[in-house]
Every structure is written in C-alpha cells, then in structure tokens.
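Read through the structure below, which is laid out as structure tokens, and then see the notes.
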C-alpha cells in the first residue's frame, strides 16, 4: 500500500507540482465537493418548510447560532487567506440558512422588531471585523467557532422533547454529518489550526447525534397537545 501511495505521489507531483501529494489532492477534491454540495444543502429543508407551512421540530435559535459560526468562518477564512476549499461552503450555507431562519420566524409570528435590530447588529459586526480586525484578533475570533458548534444542542433538545423529526429534511441532516466529517480530513491536510479541527470534531459528533435521532423518530408524529404549545426556540 505504501508503495502504491508513493507511486501515486510521484505521478501527482510530476503533473501538478512538488507541493502536491495524494492526500492533498483528496483533500482538495473533498473540499470542493463539499462546496458544490453546499449550493443546495438547505434547499430540501427550505422546500419542506414552505410546502408544509410548518416549522415543527426546527429550532430558530439553533439556526441563528449556526449563522454566527458560518459568518466567523467565512470572515476569518477570507481575511487570513486560507484556501477557499477549506471554508467556501460557509458562504452558500449562510445564505440558505438566512432564508430558512426568516421562514421559521415568519411561521411562528416572530418576524418583527427584534429580528430587524438583530440584523442591523449582525451587519455592523461584519463591517467592523472586515475594517478593523487584525490577524491576531481574527485568530482569537476563530476560537469562538468551536463554541458555535454547540448550535446543534437546541435542535437535539427539540427532537428529544417532540420525539419526532417534524419538518427536518433527511437529505440536509445527512449532508451536514457527511460534510463535517469530510472537513475533519481537509482541516488535517490543509489548515494547521487545532481550534478549527476541534470545532469540526465537535460538529461531527453533534451532527451524528441529530442523524441518529432522525432514524429513531423517523415515522413518529408530534402529539397534538405539543403541536399547540410548540414555539421556535
């Protein structure tokens, strides 16, 4: 196996350059594969919510926390000049997540002044980081990405409480899990940052929990009394 790998490395280096090897080529392929998949990652979820006109078992707070994490990842990746293949999906998932968040808030009657004020603060944060953040401050900001991986916890709590997948999309849940696992590999190969690696490891575990709960509660419905009481977190 080692001989095959060395032979493959030699072919790759003669074709692409001395800095390349099989591991890096796989990492790049995975990275751009994740980015391509991210173009439609949340579309099944968005369509399911729109067709059912229900946000059952979806957590607004979880998605809002996701958005913060993706924003930090996008800003830090761009400003620190890390390879686009290691963070590019953040931009596309963020756009879809914003659409999904607006849908959930609209369906739960919470699309009002608080959302507008939050949006203004969010845009101010982006402008401030882009204009004033130093590389050192950006690296400190990356530390918070690890904490934002816990955004799945409200979703997990909602699933455990309802014992139903509600309007969750299996395609979206599965791709989230597969993508976070792939990001562990690409981070090991292309980004020498233990904080980012830890965040993807945590994200993979929590996405795995959500996927497991999806299988457990696949065909179960939320009791009527819980549907009446349910609100977005």
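Placed from the backbone N, Cα and C atoms, the Cβ positions cover glycine too.
Source: prediction; values computed, not measured.
Features as listed in TrEMBL:
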- 20-41: transmembrane segment (TRANSMEM)
- 62-80: transmembrane segment (TRANSMEM)
- 86-105: transmembrane segment (TRANSMEM)
- 112-133: transmembrane segment (TRANSMEM)
- 165-185: transmembrane segment (TRANSMEM)
- 197-218: transmembrane segment (TRANSMEM)
Do the transmembrane segment (165-185) and the transmembrane segment (62-80) come together with 3 or more C-beta pairs under 8 Å, pairs six or more apart in sequence?
no
Is the transmembrane segment (20-41) packed against any residues at least 6 beyond its ends, judged by a Cβ distance under 8 Å, and which are they?
5, 8-9, 12-13, 83-86, 88-89, 92-93, 96, 172, 175-176, 179, 182-183, 185-186, 189-190
